Amino acid sequence: MMLSKKNSETLENFSEKLEVEGRSLWQDARRRFMHNRAAVASLIVLVLIALFVILAPMLSQFAYDDTDWAMMSSAPDMESGHYFGTDSSGRDLLVRVAIGGRISLMVGVAAALVAVVVGTLYGSLSGYLGGKVDSVMMRLLEILNSFPFMFFVILLVTFSVKTSC
């Protein structure tokens, strides 16, 4: 059967429409992330917490070490500006919580960066050397993963605590 010129043009146009540009890995990951409601909600909460710990000490009228002698151990109060109240020394708890959160956020980011660097170097070394070295390195990680995490925490606390006599 012979295709007419019109039919062949229609077939070419149809085949051009079928050509779809693929997505990159980042585009695919972003699309999957944005469709996961729990992940997006967690990201929003994390951003709000980060903004709170960064901006709250700057926007508050109290410094973390200022003492309000008239408001020692007071309950939360909107009129005085102590939205979380004060501690027994008269220091504003909102600012102290934000400063503590800032420190916790820095520790978490630093730990994640160290884990990424160490894991990347360890995995790169294992992949580059390969063979028996790769197998030994993998067995070592399997042995470490077989111990409960709490065991390492107890060991860390036991050997890091200084005793004063």
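Note: Cβ is positioned from N, Cα and C throughout, glycine not excepted.
Since this is a predicted model, take the numbers as computed values, not measurements.
Within its own chain, the transmembrane segment (40-64) has Cβ neighbours under 8 Å at 33-34, 81-82, 91-92, 94-96, 98-99, 101-102, 105, counting only residues six or more beyond its boundaries. Taken from TrEMBL, the feature transmembrane segment covers 40-64 (among others).
Marked as domain 'ABC transmembrane type-1' by TrEMBL: 101-165.
Away from its own ends, the transmembrane segment (103-122) comes close to residues 49-50, 53, 137 of its chain (Cβ-Cβ under 8 Å, at least six residues beyond either end). Positions annotated as transmembrane segment by TrEMBL: 103-122 (among others).
The transmembrane segment annotation in TrEMBL covers 143-161 (among others).
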